[in-house]
Amino acid sequence: MMTNLFSVFDPSTTILNLSLNWLSTFLGLLLIPFSFWLLPNRFQVVWNNILLTLHKEFKTLLGPSGHNGSTLMFISLFSLIMFNNFLGLFPYIFTSTSHLTLTLALAFPLWLSFMLYGWINHTQHMFAHLVPQGTPPVLMPFMVCIETISNVIRPGTLAVRLTANMIAGHLLLTLLGNTGPMTTNYIILSLILTTQIALLVLESAVAIIQSYVFAVLSTLYSSEVN
């Protein structure tokens with residue numbers, strides 16, 4: 001059991017040992033065309049309300065300096081991460097957001113583009129961010145080092161936070177799932193099943209929260225460079 005504990009995170013398949021499991025990341029693209037020829041249902045109404053709420057919140061975070069349509073990128077980022085987080089909760093579907101390969105590929109280009117835009121177009125504003133307001137002159141060099149380090153590690157913290165939360169929950173679900181078939185006591189089996197259902201509900205909440213945190217922090221990082 002323990003030797004196969006991390007097998008759920010293996011992107012390789014039995015077909016020529018290729019990493020075809022990454023294709024599950026793009027399953028969400030199959031659902032997009034349905035909105036063009038199906039009548040609006042309750043799910044679409046709820047989803048549109050969620051997107052509208054996110055648009056208003058991200059618009060507030062970006063402030064008056066945000067460009068028109070700038071929230072579309074962060075709403076799309078939220079949708080992509082949340083969809084892949086939920087896909088990983090289904091049996092036999094690969095969780096792409098549990099790999100730093102994907103999370104870093106999302107976080108690093110965003111952070112790098114924000115930094116390049118800020119340092120090229122608002123150089124003085126970016127220098128001012130390195131020294132918090134009210135810092136004593138003696139501590140200014142020290143604060144510049146701290147702010148620089150905290151700025152550089154931002155894409156890493158974004159990626160690791162999402163990956164660690166996905167891995168932790170899936171490991172617990174895998175451990176309970178492997179323990180169940182070896183249990184002959186029906187009372188213990190019912191307790192394991194109840195715990196697994198509760199964990200599944202908790203992981204569903206984590207899937208939403210982590211995608212929201214990723215999108216909100218990305219929005220805040222972009223608002224700092226304007």
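Heads up, the Cβ atoms here are built off N, Cα and C, so glycines get one too.
Residues annotated as transmembrane segment in Swiss-Prot: 20-40, 74-94, 100-120, 158-180, 197-217.
Counting Cβ pairs closer than 8 Å to the transmembrane segment (197-217), the top stretch among 74-94, 100-120, 158-180 is 74-94. Beyond the transmembrane segment (100-120), the same-chain residues lying 6 or more positions past its ends with a Cβ under 8 Å from any Cβ of the stretch are 25, 77, 80-81, 84, 126, 151, 154-156, 158-160, 162-163, 214, 218, 221-222, 224-226.
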